[in-house]
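Student: Pulled these from Swiss-Prot:
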ACT_SITE  THR2  active site
BINDING   GLY157, CYS160, THR163  Na(+) binding site
Amino acid sequence: MTTIVSVRRNGQVVIGGDGQATLGNTVMKGNVRKVRRLYHDRVIAGFAGGTADAFTLFELFERKLELHQGHLVKAAVELAKDWRTDRMLRRLEALLAVADENASLIITGNGDVVQPENDLIAIGSGGPYAQAAARALLENTELGARDIVEKSLGIAGDICIYTNQFHTIEELASKA
């Protein structure tokens, strides 16, 4: 598993993730890049779940973004529809956290597209820890989005055995 966290604050949207890949109880790799830029660097996305499944979903999502000229919500809904109805895709086990300048979304393997409250996303095994940390920092500090993501990932990595301290963080300017 993993931890992916996204925060939108003060004109910035940031998604960060750890780099640990496990096979059962064994750490296989510690520097996986689970956060990427898509669609001409106008969308950022992170994944939690099986690595091969997630890379497949990244490719499919990028195709949907191209098809819908970068419209994040439309591309997410269309990917979720395909994910729900296609027999091969239904077997993929991953969650995507995606964001552009206007919206932050979670796309699930059940075909759900969720726009979270307060534009805070935290998914994966360390998600609850990162979410609690990010929420506390959002409510009680003036830290920027990147700092909140960094600190939340650090806290999750200290608590969750499936999350490490190797972080990939991407950010975009935000209108929302």
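Using the three backbone atoms N, Cα and C, a Cβ is placed for every residue, glycine included.
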Student: Compute the C-alpha separation of THR2 (active site) from GLY157 (Na(+) binding site), stating it in Å without decimals.
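Tutor: About 9 Å separates the two Cα atoms.
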Student: Please report the three-state DSSP label of GLY157 (Na(+) binding site).
Tutor: helix
Student: Given the recorded Na(+) site (GLY157, CYS160, THR163), which additional residues of the same chain have their Cβ within 8 Å of the Cβ centre, ordered by sequence?
Tutor: THR3, ASP18, GLN20, SER125, GLY126, TYR129, LEU153, ALA156, ASP158, ILE159, ILE161, TYR162, ASN164, GLN165
Student: Cβ distance under 8 Å to THR163 (Na(+) binding site), same chain, sequence separation 6 or more: which residues?
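Tutor: The answer is MET1, THR2, THR3, ASP18, GLN20, GLY124, SER125, GLY126, LEU153, ALA156, GLY157.
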